[in-house]
Amino acid sequence: ESLHSCIGLLGISAGSLLLAVHFYSSPRAAPLIPSTALGALLLILSALLAYAGIRRSLRNASLLASLCLTLSAFWCGYGVILVLAGQGALPEPGAPRDALVPGLAALTLALLLVAAVGFLCGEPVLALVAAAASLASAHEVALHCSSSLGPSAVACGHLVVCLVGGYFALGRILCLLSKGKVALPGTDPAGKKARERSRGGAGSTNPFAAPGLLLNVLSASVFCCRLLGVTHRLFPGHVPWLWAAGAYQVGICVLSYRAMDVLMATAFGFTSILQFAAGYCLLYPAWQPEQPALPAPLLVVFSILFAALALFLSLRSPVDGLYLLVFVTYCVALACSPGGFFARGPQGVAVAIFVASALVALIHLYNVRARAKIPTGKGAVKALLARSSLLKLREGPDLHAPYLGYSRYADAEVLAYACSVLASFALTTPGDPQAPLGTAVIPWVVVAGGILKLLGGSVAFARGKTLESSAFILYAVMWIIWGLARYGGLCGTARSFHAAAGIVAFMLFNSFIVLCSLFLNVAWFFYSLTFMLVAVSFLLDAVRALPAGYDIAASLAFGLVSFYCFLAALASSTFEGCCLPLGGPVVQLSGVRAGATKCLHLPARKASSVKRIADILRNGGTCGIPTDTVYVLVAACSRPDAVEKAHRSKRQAQDRPMSLWISSLKQLEPAKHLFSPLLWDFMEAAWPSPISLVIPRGEWVDFLGMKDSAKYVGTPQSVAIRIPDCSVTTHLIDLVGPIVVTSANPTGEADTTHHNQVYAKLGDKVDAVLCGGPSPENIASTVVDCTKIDGGSIGFFRVGIIPKSQVLQILEQVQKK
């Protein structure tokens with residue numbers, strides 16, 4: 001954490017030093033740092049600050065993380081504008097000034113908010129850095145608005161930022177290198193950590209919400225300045241601010257899923273689409289004299305999506321829910337204004353977004369660090385819903401429990417379904433075939449919606465939803481390709497054979513998804529089936545055989561089904577129980593999604609999870625666990641009923657007996673005299689490893705407390721025993737004692753190499769699965785016959801991950817010893 005703090009502070013200091021040198025030398029005919037070079041350096045530093053902010057936030061909710069992410073986004077837009085100005089892309093008089101002022105004004109306010117929260121929450125150094133940077137930005141705005149003000153004041157502000165940030169970073173580096181022995185005054189991290197511990201972890205559940213809200217301040221500032229007359233026009237010079245805000249909000253969306261905040265992540269996904277749209281509309285006049293069209297019906301649909309999201313978000317945080325209503329008004333204003341983003345009506349709503357975003361960002365910034373929170377109304381809503389027996393909010397550690405195993409991300413299906421709604425209704429928008437780019441809604445909804453849907457598919461895959469993720473990714477690729485080709489002007493008049501061939505390929509893939517969705521639920525079956533209707537309309541259009549109205553009907557059907565799935569996903573992520581039913585599987589086959597109620601799943605990375613698995617085993621349960629090879633099904637030797645259950649659930653074949661695992665040879669020490677010296681030394685040399693040794697059954701079995709379990713282990717003549725080379729497994733055995741083991745798959749089937757496969761094959765027959773992700777190896781252990789080892793020879797029942805030559809080499813070394 002100290003290292004990431006140092007990186008962030010050094011990045012801020014370096015950027016401020018560059019800006020100070022630039023403004024000190026700007027009165028000269030040739031500045032020391034040209035605009036192009038300064039812009040490129042700021043872009044590099046913005047990437048560094050983004051890294052520091054993300055890494056810092058993932059470990060601890062810190063004000064420094066918000067400062068780094070905010071400055072990173074603003075310096076990104078600032079750097080692009082400087083590069084454009086340096087390359088002569090803004091040749092008109094006053095163009096650089098009109099391009100820079102909106103972003104600088106928003107940066108001034110954003111850093112002022114960070115500084116205020118820093119002073120209130122006892123972080124004076126960060127507060128001083130933010131205040132000095134805010135003052136420098138304010139002076140730069142004044143410099144652009146009045147030629148009588150010199151650049152020295154701007155340079156002085158940046159120099160203060162550089163000195164304070166550099167001092168604090170130097171102190172942290174010295175403390176880090178000297179392991180706390182050397183610390184400059186005010187930079188000792190020990191005192192800061194003590195203060196953080198005294199806060200007791202009181203903070204916002206989503207530390208990325210505040211930077212995301214400040215990005216809304218940036219995008220709204222572009223239109224506020226035009227409405228208030230601060231800038232003279234809207235032109236392509238403002239696009240870097242809007243697209244930087246949009247790109248960073250996509251990143252904030254991903255990070256919000258990482259913070260398990262589904263609703264705010266979806267909100268940031270929505271606002272990023274609006275910002276990409278605004279940037280496209282401002283860029284479009286660069287190659288066409290007229291303004292692009294914004295069809296009203298699609299914006300009305302977007303406002304409905306915002307309203308539904310605001311309703312569900314208000315149940316968790318009324319302040320955030322009311323805030324999203326401003327965007328509902330914004331979409332309605334855009335729908336009612338033929339001029340779109342250039343009209344004064346939407347620009348007036350942008351002023352409301354500017355003010356509301358700043359206020360809500362201040363609340364989130366303060367609540368992240370302060371012990372005494374600013375109330376957001378959550379308690380009142382919770383108390384109100386507590387009186388209802390029908391609705392109960394999802395809360396607790398299992399709020400975002402993945403369908404299969406452990407995931408670092410919350411479910412992104414809400415955003416993926418919303419993208420489907422937007423893209424489908426975009427297809428119903430009429431446009432000029434000779435000017436496909438003239439309708440702004442088509443490119444930015446289809447393409448941006450496709451990119452965000454790719455995000456939803458990736459998150460679904462991370463959460464173990466293989467079918468859903470495959471469908472989302474396939475549909476996203478379809479929207480992107482079709483949007484770029486058909487509505488991006490790349491398709492042209494000759495679009496018959498080549499386009500049709502590609503569409504048929506997509507339809508074949510989707511046919512498989514439709515077939516698989518029969519085993520998922522009714523909603524997904526209709527979701528995939530209606531997309532097939534849309535793909536058919538694409539195909540008929542490519543071969544010029546599209547019936548009148550068919551494409552509109554297919555798109556509307558897909559959009560309505562997607563909207564229902566959107567509402568169902570929202571309700572499922574907010575309330576316990578099934579508020580909007582998705583239906584059961586259309587076809588139910590034996591062994592396909594067997595077991596409506598899945599067993600407990602726990603992440604293997606947590607020691608508490610291993611302890612819970614141990615409790616289950618001690619109480620007579622059976623569990624699937626990861627090992628140094630493939631997943632296995634285990635039961636405690638001390639519970640004969642559990643061993644019998646494992647034997648029965650596996651349908652164990654007589655020629656594949658269950659084996660015995662221990663964690664250390666110390667567990668066999670009391671029976672050491674029953675083993676030959678050669679066998680004991682061979683076990684000592686071979687373990688821990690993926691080598692199972694089949695040894696003669698004897699009285700030593702009784703020393704392990706197996707009792708009646710012994711009849712299920714091995715054969716009457718021999719027993720396979722092993723010490724696994726896996727810290728999780730050996731720790732579990734230390735807690736439980738020796739365990740009986742068999743592969744976690746029905747007899748005769750392939751080994752399971754992922755906890756998802758354990759669910760699919762034995763999910764309704766075991767009590768819990770310890771989820772460790774993919775197995776380190778796809779091959780089982782090597783099984784060695786040691787029943788005749790005293791005669792100097794060994795055999796092999798199975799050659800697995802350890803080759804025969806390596807086992808023989810171990811035996812040879814033991815014999816020499």
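Backbone N, Cα and C atoms are what each Cβ position is placed from, and that goes for glycine too.
Copied over from TrEMBL, here are the features:
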- 7-25: transmembrane segment (TRANSMEM)
- 63-87: transmembrane segment (TRANSMEM)
- 99-120: transmembrane segment (TRANSMEM)
- 241-260: transmembrane segment (TRANSMEM)
- 267-287: transmembrane segment (TRANSMEM)
- 293-315: transmembrane segment (TRANSMEM)
- 322-343: transmembrane segment (TRANSMEM)
- 349-368: transmembrane segment (TRANSMEM)
- 467-485: transmembrane segment (TRANSMEM)
- 497-515: transmembrane segment (TRANSMEM)
- 522-540: transmembrane segment (TRANSMEM)
- 552-571: transmembrane segment (TRANSMEM)
- 607-802: domain 'YrdC-like' (DOMAIN)
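Comparing 241-260, 522-540, 552-571 for CB pairs under 8 angstroms to the transmembrane segment (497-515), the maximum falls on 522-540. Across the domain 'YrdC-like' (607-802), mean pLDDT in this model comes to 85. Most Cβ pairs under 8 A with the transmembrane segment (241-260) among the ranges 63-87, 267-287, 293-315, 322-343, 522-540 are made by 267-287.
Only residues 6 or more beyond the boundaries of the transmembrane segment (322-343), in the same chain, are considered here, and those with a CB under 8 A from a CB of the stretch are 223, 234, 267, 270-271, 274, 277-278, 281-282, 291-294, 296-297, 299-300, 302-303, 306-307, 309-310, 313-314, 349-350, 352-353, 356-357, 360, 440. Fewer than three CB pairs closer than 8 A are found between the transmembrane segment (293-315) and the transmembrane segment (63-87), and contact between the two stretches is not assigned (pairs 6 or more residues apart).
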